[in-house]
Ligand code: UDX
Ligand code: UDX
Ligand code: ADP
């Protein structure tokens, strides 16, 4: 089947950029992105393309080119489903916060709602594509719902996990390392796979389009994220050892990264990984393994999360220790709140947990992030439920100016690796802080020697203090 009309349910960090790039690369395919969140759709349709709800370098240009031509954003979910031959499901699949599997299993509530809606509306055969990261075997649940509640038509389910990283989404989508498409190995299944291959083949070299069965595709997505996260936890575990010895974690990373079997990427020690995927996907892997009674497998992967939690806590404790074991009433300035640079996404950001720890010690935290809104920062903190919303507002302030945020602070903590932090006038910042003035560099981006020359006490991840 030649696809002429695509619908994507979910206009978030994955659905929005992915569909914008498909629309750009396939001007003859009509792509409609739908969402139940009216404000989000309104923002995608904002006249000023810089106001789209997802901050990604290069994305406004892609949206500007395709929007209104063959890319549409709408809240009319039924109409888009009805018109499309291929429907991508790109809704959120957070970790369950209640009931069986709480804190580990993925909450598939939103996926199921989508499936039921598709089943109700669809009158002719459709290809349904899982784009959201899902636990292995979700496709069979989807198929079950579609076939038992639908209008008796044929559905083919494909798994086409997205590997884009936030902050580089447009580059990743334009030139992916690979595209993975899993489907049923029957004749109809293979034909559905082929329909999707033909969409990507407009711009992705065919040898980079891998096809597998559904289960391999679903599991590969979880595995890729688990491996990447494991590398970060591995180097972070060694960062602690480095701080107690005379080794420097940056030197260790460089030394091991040159081994072609190991490779240089994802070896940057940090305050801990965040983002919507790593933790959720590993927890999924752990939950599934345990459900099959594979405790050793589950324990192995769970350790990656344990190490990450430890790294975040350790960073907060280091701040407290160096401020004479008390931060009560002291102002600590945060540079960065996003989970990494070049995104306004804050899901599972280390900054949230470090702030929570410091607030428990009665510190006054003030935050500057170039892209994250004040409302988002408070909502992240309130979500933890550690204290009331009023108390959070009293103890944490959000400041729009990087110099003002540091005024009168005892310490600065760098939580996100935004490039602009390196270019600030650090002498000016130093002059307006309380002394001794500390910098806790959770991303190892600052020029340690230069800051020390100004007079700062600098504490890095993965090397001993030498102030
Ligand atoms: C290793 C390191 O590779 C080398 O750099 C170091 O100097 C010494 O230790 P070696 O023990 O000789 O070298 O062999 P290696 O090829 O690393 O294999 C080690 C073990 O891992 C073998 O039993 C091998 O069969 C196994 N292995 C390796 C796997 O099971 N799967 C793999 O993908 C790779
Ligand atoms: C990740 C995967 O990279 C992507 O393929 C998948 O589709 C979604 O999940 P993302 O979460 O957007 O992408 O960002 P990523 O660049 O992987 O970073 C995740 C976290 O790890 C960030 O908090 C980042 O700061 C941290 N990280 C990454 C490190 O601390 N050190 C590193 O060396 C790399
Ligand atoms: P991701 O990072 O996976 O893209 P987001 O949370 O950014 O996750 O986006 C998911 C989007 O899916 C949200 O905008 C949410 O409103 C939307 N959504 C969830 N359930 C449905 C549904 N049943 N129909 C339409 N949109 C939905």
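Here the Cβ of each residue, glycine as well, is placed from N, Cα and C on the backbone.
Per TrEMBL, NAD(+) binding site is recorded for 10-15, 35, 40, 91-95, 132-133, 166, 277-280, 347. Among the features that TrEMBL reports, substrate binding site is placed at 162-166, 221-225, 261, 268-274, 339-340, 443. The active site, nucleophile annotation in TrEMBL covers 277. Look at TrEMBL and you will find 333-448 tagged as domain 'UDP-glucose/GDP-mannose dehydrogenase C-terminal'.
Annotation for residue 165 (substrate binding site): same-chain Cβ neighbours under 8 Å, separated by at least 6 residues, are 172.
Sequence-distant contacts of residue 222 (substrate binding site), defined as residues of its own chain at least six apart whose C-beta falls under 8 angstroms from its C-beta, comprise 133, 135, 136, 281, 282, 284, 285. Counting in whole angstrom, residue 339 (substrate binding site) lies 11 from the residue listed as 'active site, nucleophile' by their C-alpha atoms.
Comparing CA positions across the recorded positions 162, 225, 269, 272, 277, the one lying closest to residue 92 (NAD(+) binding site) turns out to be 277. Across the domain 'UDP-glucose/GDP-mannose dehydrogenase C-terminal' (333-448), the prediction's mean pLDDT works out to 97. Non-local neighbourhood of residue 166 (NAD(+) binding site): 13, 56, 275, 339, 340, 342, 343, 345, each in the same chain, at least six residues away, with C-beta under 8 Å from its C-beta. The Cβ neighbour count for residue 162 (substrate binding site), using a 10 Å radius and every protein chain shown, is 24. Secondary structure at residue 95 (NAD(+) binding site), as computed by DSSP, is strand. Between residue 10 (NAD(+) binding site) and residue 269 (substrate binding site), the C-alpha separation comes to 33 Å. Ranked by CA distance from residue 35 (NAD(+) binding site), the recorded positions 162, 269, 272, 277 have 162 at the top as the closest. Other C-beta atoms found within 10 angstroms of the C-beta of residue 35 (NAD(+) binding site) number 23, with every protein chain shown included.
In the structure as shown, the Cβ atom of residue 269 (substrate binding site) sits within 10 Å of 28 other Cβ atoms. Contact annotation for binding-site residues (10, 13, 35, 92, 222, 272) versus ligand 3: 10, 13, 35, 92, each with CB under 6 Å from a ligand atom. For residue 277 (active site, nucleophile), the same-chain residues lying six or more positions away in sequence with a CB closer than 8 A to its CB are 133, 225.
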